[in-house]
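Q: OK, Swiss-Prot features for this one:
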BINDING   Gly54, Gly55, Arg76, Asn179  substrate binding site
SITE      Lys20  site 'Transition state stabilizer'
SITE      Lys242  site 'Transition state stabilizer'
Amino acid sequence: MSQSSAEAPVTTATGPLVIKLGGEVVGGPALAILSSDLAALTRAGARAIVVHGGGAQATRLQERLGIPVRQVAGQRVTDADTLDVMKMVVAGKLNVDLCAALVAAGARPVGLHGASGPALSAVKRPPQVYAGAGPEPVDLGLVGDITGVDRGLLELLGSGGYLPVLACLGAGADGQAYNINADTVANRVAIELGAAGLFLVSDVPGVLRDVADPASRIPSLTVAEGRALIASGAVTRGMIPKLEESFAALAEGVRRIHILGRLKPGDLAREASEPGSIGTVLVP
């Protein structure tokens with residue numbers, strides 16, 4: 001009997017797969033599909049690490065609690081109350097919900113956050129100038145820049161057949177926790193572990209020539225082609241920082257990066273074995 005695409009062998013001899021799940025995915029109806037696909041990948045022999053965010057859910061809880069939501073250039077300004085919300089939502093509810101869904105699908109997840117190990121060492125980001133936010137440096141508060149990834153911890157879990165599930169919070173040497181963008185975490189983990197592929201899964205089906213037309217998905221992009229799209233204005237808004245961070249990760253050795261979303265069963269494994277078949281694959 002031939003194997004289904006979800007169970008087809010996926011080779012990661014050159015490095016693990018890093019899969020970043022946006023909060024809209026972790027908290028949405030596609031979670032069961034993704035959990036099943038991730039479990040199938042690990043059963044097929046793939047080494048994988050999951051990174052997740054939770055910005056949309058954190059925003060909703062802040063609004064319910066009456067905590068102001070401020071963003072600068074897509075970055076969440078994080079005071080002490082906002083950081084507590086991120087801990088509750090991202091390292092708490094969403095990490096547990098994702099791990100529970102993976103257990104139900106047959107995987108062996110281990111939920112982690114930056115202070116676990118610490119898996120993600122960080123320092124406070126100094127004030128800096130952000131595009132569109134005026135000429136003066138802006139202090140984002142308790143937002144961190146990654147200074148280290150505990151590669152040994154993540155590889156130890158993977159070698160034991162476990163699936164690390166990492167929430168996007170970092171920890172400083174002084175015990176201070178920091179909010180970190182999930183795309184940034186995923187890119188850095190992929191770089192540090194020499195990932196065979198990085199998958200950025202959200203509700204966007206890939207890089208589109210026309211944001212209003214899902215059929216305009218671009219299967220494959222080089223860095224030069226991606227920069228030309230940005231310069232032409234075809235790529236806008238949140239896709240620009242996603243592409244810019246991806247370009248930097250490719251320059252530092254990540255072999256390929258996949259941008260995809262709205263997945264059906266088996267799509268994740270298919271994209272891993274047939275790059276560009278489901279989303280957009282970025283290559284150097």
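Glycine is treated like the rest: Cβ placed from N, Cα and C.
On a predicted model such as this, the values are computed, not experimentally measured, just so you know.
Walk me through where these features lie, including what they touch and how far apart they are.
A: According to DSSP, Gly55 (substrate binding site) sits within a helical segment.
Neighbour list (Lys20 (site 'Transition state stabilizer'), Cβ cut-off 8 Å, at least 6 residues apart, same chain): Val50, Val51, His52, Gly53, Ala182, Asp183, Val185, Ala186, Leu198, Phe199, Leu200, Val201.
According to DSSP, Lys242 (site 'Transition state stabilizer') is assigned to a helical segment.
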Q: If you count other CB atoms within 10 A of each CB, which of Gly54, Gly55 wins among these binding-site residues?
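A: Max Cβ neighbours within 10 Å, all protein chains included: Gly54.
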Q: Please list, in sequence order, every residue of the chain apart from Gly54, Gly55, Arg76, Asn179 whose Cβ lies within 8 Å of the Cβ centroid of the substrate site.
A: Gly23, Gly53, Ala58, Thr59, Thr78, Met86, Val89, Val90, Cys168, Asn181, Ala182
Q: Which one of the recorded positions (Arg76, Asn179, Lys242) has its C-beta surrounded by the most other C-beta atoms within 10 angstroms?
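A: Its Cβ has the most other Cβ atoms within 10 Å: Asn179.
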Q: Which whole-number value in Å describes the distance between the Cα atoms of Gly55 (substrate binding site) and Lys242 (site 'Transition state stabilizer')?
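A: Lys242 (site 'Transition state stabilizer') has its Cα 15 Å from the Cα of Gly55 (substrate binding site).
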